[in-house]
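Worksheet: one structure, shown below.
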Amino acid sequence: MDGLNGSVVSEFVLLGLLGSWETKVFLTLTFSLLYLGIILGNLFIVFLVIADSQLHSPMYFLLANLSLIDVGLSCTTVPRMVTDLLKEHKVISFQSCMAQVCFIHIMGGTEMVLLMAMAFDRYAAICKPLHYLTMMSPKRCVLFVVIGWVTGVIHAMSQFSFVMNLPFCDPNTIDNFYCDFPRVIQLACSDAAKFEFLGTANSGFMSMVTFFLLLLSYVFILVTVWKRSSGDLSKALGTLSAHITVVVLYFTPCIFIYMWPFPTSSVDKYMFIVDFTITPVLNPIIYTLRTKDLKIAIKRLSRQCHHNRFC
């Protein structure tokens, strides 16, 4: 059967996570609970931002969009991973594999831009408070989101365009629980070295540059505060700690995976798990615990629900 690019491969076999039956059942339950936590936690953040007028600010607008991206990113991989755990033969069609790859990189690229926008928001709030409303106007916030999606689409399509033209033949086994460019390119019949370089230059370089730019921006903010407040960084650190934690959790697996696209061990599987399950489920917890406004909003919502219940 012809694939989209005329290759002889019509489907890929996913090896997924290996282990005994008991281990697979345990992992199925664990990842199902994590997935439920991702959906409920991130959608709760979105609901809270919409429902509470005190959270109608640029920072929380961007946070709500980040939560939606986390939901979408997890939905592309986690449900299939959970259902495949208990299957002996894990197969994904060529078309579904390519679609999965595209969605992952579109949303991954969008999330990187949103994290940069959130860093800019913190810079404006902490270093330029008098110009904050001008620098982070509603139009600019919407523009950040639009730029994020455009960047994500360009990032995904730039890799998808050359992957679609690769010929694929046996073997068609992917040593992972979902499709991604590094593993798919490895199965090409032609010499994959130049495509490996393109994948590293695209995803790897983009991840590393964005990560270092974010870290530099947070260092710049902290240095600026330190100079202004005679060394008292406690308030700034309290404000930035959630952002820095999320950035490190998100980018560490990305850099590891895409800067070394064809590892000899299965460690990259667990890096993917961190990116698609652990980080999305931790993000709402981190922002809720480390952000004062969200804590107050949750208490306000709780009081309102309690009041309505007994009215």
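Counting starts with 1 at the first residue shown.
Using the three backbone atoms N, Cα and C, a Cβ is placed for every residue, glycine included.
Annotated features in TrEMBL:
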type     : residues : note
DOMAIN   : 41-287   : domain 'G-protein coupled receptors family 1 profile'
TRANSMEM : 25-50    : transmembrane segment
TRANSMEM : 62-82    : transmembrane segment
TRANSMEM : 98-120   : transmembrane segment
TRANSMEM : 141-162  : transmembrane segment
TRANSMEM : 205-225  : transmembrane segment
TRANSMEM : 237-258  : transmembrane segment
TRANSMEM : 270-289  : transmembrane segment
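Proximity of distant same-chain residues to the transmembrane segment (237-258), defined by a Cβ-Cβ separation under 8 Å and at least 6 residues beyond the stretch ends, is recorded for 108, 111, 115, 118-119, 122, 125-126, 180, 182, 199-200, 203-204, 207-208, 210-211, 214-215, 218, 221-222, 267-268, 271-272, 274-275, 278-279, 282-283, 286-287, 289-291.
The transmembrane segment (62-82) shares more Cβ pairs under 8 Å with 25-50 than with any other stretch in the list 25-50, 98-120, 141-162, 270-289. Outside the transmembrane segment (141-162), and at least 6 residues removed from its termini, the chain residues within Cβ reach (under 8 Å) are 58, 61-62, 65, 98, 101-114, 117, 120, 181, 195, 198-199, 202-203, 206. Each residue in the domain 'G-protein coupled receptors family 1 profile' (41-287) has a pLDDT score, and their mean in this model is 84.
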